[in-house]
Amino acid sequence: MTHKISVLHQDKKFDFSLRPKKLTEFCGQKQLKERLDLFLRAAVQRNEVPGHCLFYGPPGLGKTSLAHIMANTIGKGLVIASGPQLLKPSDLIGLLTGLQEGDIFFIDEIHRMGKAAEEYLYPAMEDFKVDITLDSGPGARSVRLDLAPFTLVGATTRAGMLSEPLRTRFAFTGRVDYYTDEDLVSILSRSSQLLAIEANQETLLEIARRARGTPRLANNLLRWVRDFAQMREGNCINSAVAEKALAMLLIDNLGLNEIDIKLLSVMIDFYQGGPVGMKTLAMAVGEDVRTLEDMYEPFLILKGLVQRTARGRVATPLAYEHLNRNPKDRWGEE
C-alpha cells in the first residue's frame, strides 16, 4: 500500500516536537517508567522536591527525554548542562545559584565532569549549600551560600566511570535499555503523526528493525525516508520505498551499517574471527577506541555477532552467517 507524505514547511524543531512530554507518551521501558512514576508522584504528594536521579545506558535511548518529562510532571523548570563543560567549581557556581526551588538540573555525560567540579557538587546535592571564595590572596575568605532545593538528574553512557561518592548520592538509578522493534513501531507511529507522514505498520517495521533498538536513530531514519520519498518517489511512501531509502544509507536488514560490517569483516577475514584487541580494530576501521566501544560494540554484542573475551573480541557463528562467510575453519563445522 502506498501513502502520500505531506511536506512540512518547517521542521526546525524536529527533535523537540517528537520528544514525549509525559510518561504515558514515553514508549517502552515499562519497569523503569513504573518506578519513576511512583518516585515522582510520591514526592509530589508529600510536597517535596524529588531526590536526585541517574539514568544510564547507550546513547539515544531517551535519558534526556526523561529529564524533560520529570520537569513537566512536577511543573518546574529544566536547566541543562553538559559534563565536559563542567571542569572546575566556577563552571558550576552560576548554574547552581541560578536554580529556582524544585528545578531539574540535568547534566548530560555526567561521567565527563572534572574531578574538582564533581567534588564541589557533593554539598550541593546533600545539603543544598555551596562555598564560594571572595577576593584572593591573604585576604581571601569563604562564604557558604544556601541553594534552592533542586533535583539533579545525571545521564551517562558509562555508569562504571562514575566515582562511588557521586553514584551513591543518587536516590533513584535507572538503566535505559535498547527498545524492541514493537516499541520502536509505536514510537514511529507517534512521530509520523506529528510529522504528517502517512505510513502503514509494515513500512514502520521496516524502519524499526534497522534502527538498532534506538528511538533517536529510528526518528532520524523516518525523516530520511520522508526526504527520500519526497525527492525520488513523488512523495509516496511504502515498505519498498523505505527499503530503498535505507539501502542508500548502507544499512542492512539487521540494522548494521558500514562500520559494523567493516568491523566484522576485519575480524573474520584478517584475524580468523579473533580474538582481536579493540585498538587493532580501531586502527583497521579508522575509528577511535571509545567510539567503537560506545557506538558499535554494544549493538553487535546484543545481536550475538561479537563476544568479548579476556583476550579480545571474537566474531560468532552468527557473524559468519550474516556476512555469508564459511565458518568451517574457525568453528569446526561440517
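Backbone N, Cα and C define each Cβ position, glycine as well.
Swiss-Prot lists 1-179 with the feature region 'Large ATPase domain (RuvB-L)'. Marked as ATP binding site by Swiss-Prot: Leu18, Arg19, Gly60, Lys63, Thr64, Ser65, Glu126, Asp127, Phe128, Arg169, Tyr179, Arg216. Feature annotation from Swiss-Prot assigns Mg(2+) binding site to Thr64. Marked as region 'Small ATPAse domain (RuvB-S)' by Swiss-Prot on the basis of sequence analysis: 180-250. What Swiss-Prot lists as region 'Head domain (RuvB-H)' is 253-334, and the listing cites sequence analysis. The DNA binding site feature in Swiss-Prot is assigned to Arg308, Arg313.
Annotated features, which come from Swiss-Prot, shown on the structure.
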residue : record           : DSSP class
Leu18   : ATP binding site : helix
Gly60   : ATP binding site : coil
Glu126  : ATP binding site : helix
Tyr179  : ATP binding site : coil
Arg308  : DNA binding site : strand
Arg313  : DNA binding site : strand
Neighbour count (Cβ, 10 Å) for Phe128 (ATP binding site): 17
Those binding-site residues listed as Arg308, Arg313, and which of them has the most Cβ atoms within 10 Å of its own Cβ: Arg313
Euclidean distance between Cα atoms of Arg313 (DNA binding site) and Tyr179 (ATP binding site), Å: 24
Protein Cβ atoms within 10 Å of Leu18 (ATP binding site), excluding its own: 20
Spatial separation of Arg313 (DNA binding site) from Phe128 (ATP binding site) - C-alpha basis, Å: 45
Cα-to-Cα gap, Arg313 (DNA binding site) vs Glu126 (ATP binding site), nearest whole Å: 42
Cα distance (Å, whole number) from Arg308 (DNA binding site) to Gly60 (ATP binding site): 23
Lowest local Cβ density among Gly60, Thr64, Glu126, Tyr179, which the record lists as binding-site residues, within 10 Å: Glu126
When distances run from the Cα of Arg308 (DNA binding site) to each of the binding-site residues Leu18, Thr64, Glu126, the nearest one: Thr64
DSSP residue counts for the region 'Head domain (RuvB-H)' (253-334), split into helix, strand and coil: 46 helix, 9 strand, 27 coil
Greatest inter-residue Cα distance in Å for the ATP-binding set Leu18, Arg19, Gly60, Lys63, Thr64, Ser65, Glu126, Asp127, Phe128, Arg169, Tyr179, Arg216: 37
